[in-house]
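K.L.:
Take a look at the following structure, please.
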Amino acid sequence: MPKKIILDCDPGLDDAVAILLAHGNPEIELLAITTVVGNQTLAKVTRNAQLVADIAGITGVPIAAGCDKPLVRKIMTAGHIHGESGMGTVAYPAEFKNKVDERHAVNLIIDLVMSHEPKTITLVPTGGLTNIAMAARLEPRIVDRVKEVVLMGGGYHEGNATSVAEFNIIIDPEAAHIVFNESWQVTMVGLDLTHQALATPPILQRVKEVDTNPARFMLEIMDYYTKIYQSNRYMAAAAVHDPCAVAYVIDPSVMTTERVPVDIELTGKLTLGMTVADFRNPRPEHCHTQVAVKLDFEKFWGLVLDALERIGDPQ
């Protein structure tokens, strides 16, 4: 049986690859794409979700816009990484085939979780955690019904927005605190893992050889992303963060994990937004959080390339 997921995202260059992977893998049933302010404003990331869905040939999957600001703090976006549009220099069509659902993303998440059998839906947030926290507060019963939360965010060794805080966490640390402290199972796919998911020249050559419109789209955004990484991050290749969370849902053996307590720093002058992972022994017996540690590089990129092949050239 395919694994049912709700992809809560802020597209975003690497979010686009996450959408392609979720749509193109037969082990995933994509129930909804929900959007949240993050890499760009809510209006821009929602438009980008429509764009990627059209390019991928996605039909029948609701796209719903969510929270346009964090729970407490001022909006922080990442145009310096993802571009003014949030999608590099990609051109937009006059209109989209995929329309935006009238429901608020938080309500859609609640509706889907409450209408499906318990423990059958995995939430996969790849942006800030505002929508997920709001859903848990608005309808607390979803916490026991959700199978797992597999999120891209955080980092137990280093940050990227600051020396210790990762972007998706620091843009709404209060929301992250709520999500990590609920009783559901949480898998944190953070920078320690995603910095291993590099779009190297040999990988991009394999994407090029797929030779479809979605593959060419991926190449275009990866070219932009790589140049940003080379100039801003001083890395030779871009780290493709968000699809790592989707890949874990498809096949947990794509990465190794360690079950450790994780909490979010909310008051530190230098450490706001830090995901504090406690690796000390003995580990708590009923720990509900785990962090991703080591990526199987070939298996991960094999999943992405296979998804591109399966998507083909949608009409």
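Backbone N, Cα and C define each Cβ position, glycine as well.
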K.L.:
Going by the Ca(2+) site in Swiss-Prot, where ASP10, ASP15, ASP242 are listed, which of the candidates THR126, THR130 is also part of it?
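P.N.:
Candidate in the recorded Ca(2+) site: THR126.
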K.L.:
Taking each of the binding-site residues THR126, GLU166 in turn and counting other Cβ atoms within 10 Å of its Cβ, which one has the fewest?
P.N.:
GLU166
K.L.:
When you put THR126 (Ca(2+) binding site) at the centre and draw a 10 Å sphere around its Cα, which of the recorded positions ASP14, ASN160, GLU166, ASN168, HIS241 have their Cα inside it?
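P.N.:
Cα filter at 10 Å returns ASP14, ASN168, HIS241.
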K.L.:
Excluding ASP10, ASP15, THR126, ASP242, please set out which residues of the same chain place their CB within 8 Å of the center of the CB atoms of the Ca(2+) site, keeping sequence order.
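P.N.:
Near the Ca(2+) site, beyond ASP10, ASP15, THR126, ASP242, sit CYS9, PRO11, GLY12, ASP14, ALA18, GLY38, ASN39, GLY127, MET152, HIS241.
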K.L.:
Excluding ASP14, ASN160, GLU166, ASN168, which residues of the same chain place their Cβ within 8 Å of the centroid of the Cβ atoms of the recorded substrate site?
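P.N.:
Same chain, not in ASP14, ASN160, GLU166, ASN168, Cβ within 8 Å: MET152, GLY153, GLY155, ALA161, PHE167, LEU191, THR194, HIS241.
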